[in-house]
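Colleague: Let me begin by handing over the structure; questions about it come next.
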Amino acid sequence: MTISPPEQEASVKIVVDRDPVKTSFERWAKPGHFSRTLAKGPNTTTWIWNLHADAHDFDSHTNDLEDISRKVFSAHFGQLAVIFIWLSGMYFHGARFSNYEAWLSDPTHIKPSAQVVWPIVGQEILNGDVGGGFQGIQITSGFFQLWRASGITSELQLYSTAIGGLVMAGLMLFAGWFHYHKAAPKLEWFQNVESMLNHHLAGLLGLGSLSWAGHQIHVSLPINKLLDAGVDPKEIPLPHEFLVNRDLTAQLFPSFAKGLTPFFTLNWAEYSDFLTFKGGLNPVTGGLWLTDTAHHHLAIAVLFLVAGHMYRTNWGIGHSIKEILEAHKGPFTGAGHRGLYEILTTSWHAQLAINLALFGSLSIIVAHHMYAMPPYPYLATDYGTQLSIFTHHTWIGGFCIVGGAAHAAIFMVRDYDPTNNYNNLLDRVIRHRDAIISHLNWVCIFLGFHSFGLYIHNDTMSALGRPQDMFSDTAIQLQPVFAQWIQNTHYLAPNLTAPNALAPTSATWGGDVVAVGGKVAMMPISLGTADFLVHHIHAFTIHVTVLILLKGVLFARSSRLIPDKVNLGFRFPCDGPGRGGTCQVSAWDHVFLGLFWMYNSLSIAIFHFSWKMQSDVWGSVTAKGVSHITGGNFAQSSITINGWLRDFLWAQASQVIQSYGSALSAYGLMFLGAHFVWAFSLMFLFSGRGYWQELIESIVWAHNKLKVAPAIQPRALSIIQGRAVGVAHYLLGGIATTWAFFLARIIAVG
């Protein structure tokens, strides 16, 4: 940190342009108003595709970084408005169409439902009996558990929150309009990173966490303590009563009677009745102790509030990001981070690339924590919801990571300036890209042959009737000893590091089964040869995804094959006529291919999760012990390719295939429909543009003959457009197929 005399620093001011862009509905109503070419209207059918491709490509509308920044800023408010409207809809469904109050009174026997299908031509078959005399579609979003954790006890509260969501959405829409048309920030405001860090860290994350901690302490904890004790939700005081009447809370948490005295006398241990450090899960709800999570959010708030005061603005004290970056260089890294500050303050694509990669990775980490440390009451025993949120956060993470690579490549093509990046880290990575990519390629080949080879060996030995020669827990063992050591360490360590804690951080490390209502919430997850094998398939598929995406970024500007690639742009089909073998080489094509491998990687990850949990974790608990859904067949079945096909895909597809005539029949139809969407994608991916252009011209000839020729000339999709439509349907079809397969199965057996 440095302290500088104030006169050296340019003082930070909030500067805006008043009324920079007039609000014109006439202009907005004109399709393609953002582009001179598109505004002329369509000559061919390509126009509508270009309209969609370029509507949000602000770089193509203008070269003015200030205007681009304002458009991005304004679009963020639009995004927030959409999120608030969506949230409002979720809360409204909870208020209007759900059995939330019934579920709250008996969450172990009644299933969550927030959608009732109207009887038009027999669809009411979808309204299954979810218990408590309610017929509806069983939902797996986890909202009921979240509402219970936040202390919502009635449908009126859900209505109020839904209205609040709409009010917030309106505010966001207004803010998006206001900050583009009425008071638009100047470029220097967007580039003032220290203020931005201070405000986002202290305001958004610090005060945000503090507000949530406050809500948890004053509203959620007392209400949940009463709910856990079996008090009828209708008898529980309303949230504001806990706020205005301290005695009410003090009956549940005695330290409340002492007020703020322990805080100001530094006698903080007094508050340990509602800020706990228990570890493990609440045996009543199977969720984390809410007093632990309140403590966690309070601690996080303190950290972020401190972090939000670290950066130097008008007071001449604190860190400067530019100074930190430029001072940060090692003995072997040339100019180090010099030049990176300029990249990150002038290229939104560079910013977005880093944020997407980190946010995507975080989403996948969240997916793992949601089952290992289920944060909400009764979440862990709702297997459909557990499977859904794991799958959801995994897919979201994958798309974000691929998006990170996409925007890194766009940055390389559009925003990278070689003259400002001599011998810094980025330049050095680009200069030894051949070594990086060829080594990564070798790693992929090694992992691919060895991981797949282990399975092929097992399939062969199994077919030859030689189980003693297979890699398995009962023959040739390949135990994941490192993973087992980590598990054991995490199980034993709290004895030393947190001697007063009741349990380690997660029941997955070791210890006893946590059961709620006769179902397993969480228990130690034993790892063996089967996990070792599939883990290496994960390593293989992830490395291939990284290889494709990183190659796209590092070779976005040039390669030995096409030295002037940067002049061709981010997406192009081939390097012009007369240069065979230069197709599918653009940065865009690497993103396109990376998406398929992302899909491969994550399909295997969610399949692994689904089967492992059904086999080794989820199940019912009786006096005789735990009875798992698939009876622990993962260890012996998943060690062959045939086992995955027969005992996972085929065996567990029976529920979706036989769902007709039951409340799950929609999943059967979706399973078929999504397969169709997926197959439809192959039409775009396997055939070339010329095939379609030829067909179209024949069809146009027929129209001309009949004098019904269109005014807008029909044209085949461009090569890139065809691939984009193809990959979109491939992923949509694949994900929806998996969704139907998972949910029909887990709702039927879970």
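Just so you know, glycine gets a Cβ as well, placed from its N, Cα and C.
Feature list, courtesy of Swiss-Prot:
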type	residues	note
BINDING	Cys574, Cys583	[4Fe-4S] cluster binding site
BINDING	His675	chlorophyll a' binding site
BINDING	Met683, Tyr691	chlorophyll a binding site
BINDING	Trp692	phylloquinone binding site
TRANSMEM	72-95	transmembrane segment
TRANSMEM	158-181	transmembrane segment
TRANSMEM	197-221	transmembrane segment
TRANSMEM	293-311	transmembrane segment
TRANSMEM	348-371	transmembrane segment
TRANSMEM	387-413	transmembrane segment
TRANSMEM	435-457	transmembrane segment
TRANSMEM	532-550	transmembrane segment
TRANSMEM	590-611	transmembrane segment
TRANSMEM	664-686	transmembrane segment
TRANSMEM	724-744	transmembrane segment
Colleague: In the same chain, who gets a Cβ under 8 Å from the transmembrane segment (348-371) while lying at least 6 residues past its ends?
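Modeller: Distal contacts: 68-69, 72, 379-380, 386, 389-394, 396-408, 410-411, 414-415, 522, 609, 613.
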Colleague: Rounded to a whole number, how many Å is the Cα of Met683 (chlorophyll a binding site) away from the Cα of the residue listed as 'phylloquinone binding site'?
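Modeller: About 11 Å separates the two Cα atoms.
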Colleague: Restricting to the same chain and to residues at least six past its boundaries, which positions have a Cβ under 8 Å from a Cβ of the transmembrane segment (590-611)?
Modeller: 371, 387, 390-391, 394-395, 398-399, 401-402, 405-406, 409, 534, 537-538, 541-542, 544-545, 548-549, 551-553, 584, 630, 634, 638, 644, 648, 652, 723-724, 727, 730-731, 734-735, 738, 742, 746
Colleague: Out of 158-181, 532-550, 664-686, 724-744, which stretch has the largest tally of CB pairs under 8 angstroms to the transmembrane segment (387-413)?
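Modeller: Of the candidates 158-181, 532-550, 664-686, 724-744, 724-744 scores highest.
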Colleague: Rounded to a whole angstrom, what is the C-alpha distance between Tyr691 (chlorophyll a binding site) and Cys583 ([4Fe-4S] cluster binding site)?
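Modeller: Taking the Cα atoms only, Tyr691 (chlorophyll a binding site) lies 17 Å from Cys583 ([4Fe-4S] cluster binding site).
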Colleague: Return the stretch with the most CB pairs under 8 A relative to the transmembrane segment (724-744), choosing among 158-181, 293-311, 435-457, 532-550, 664-686.
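Modeller: Maximum Cβ contact count belongs to 664-686.
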Colleague: Which residues of the same chain, at least 6 past either end of the transmembrane segment (293-311), have a Cβ under 8 Å from a Cβ in it?
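Modeller: Here the qualifying positions are 1, 193-195, 197-203, 205-207, 209-210, 212-213, 216-217, 220-221, 274-277, 318-321, 375.
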Colleague: Between Cys574 ([4Fe-4S] cluster binding site) and the residue listed as 'phylloquinone binding site', what is the CA-CA distance rounded to a whole number of Å?
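Modeller: That separation, Cα to Cα, works out to 18 Å.
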Colleague: Can you tell me which parts of the same chain pack against the transmembrane segment (197-221), counting only residues 6+ beyond its ends and a CB-CB cutoff under 8 A?
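Modeller: Answer is 149-151, 239, 242-243, 249, 252-253, 274-275, 290-291, 293-294, 297-298, 300-301, 304-305, 307-311, 313, 321.
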Colleague: Cα of Cys583 ([4Fe-4S] cluster binding site) to Cα of His675 (chlorophyll a' binding site): how many Å, rounded?
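Modeller: Rounded to a whole number, the Cα-Cα distance is 29 Å.
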Colleague: Return only the integer: C-alpha distance in Å from the residue listed as 'phylloquinone binding site' to His675 (chlorophyll a' binding site).
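Modeller: Between the alpha carbons of the residue listed as 'phylloquinone binding site' and His675 (chlorophyll a' binding site) there are 23 Å.
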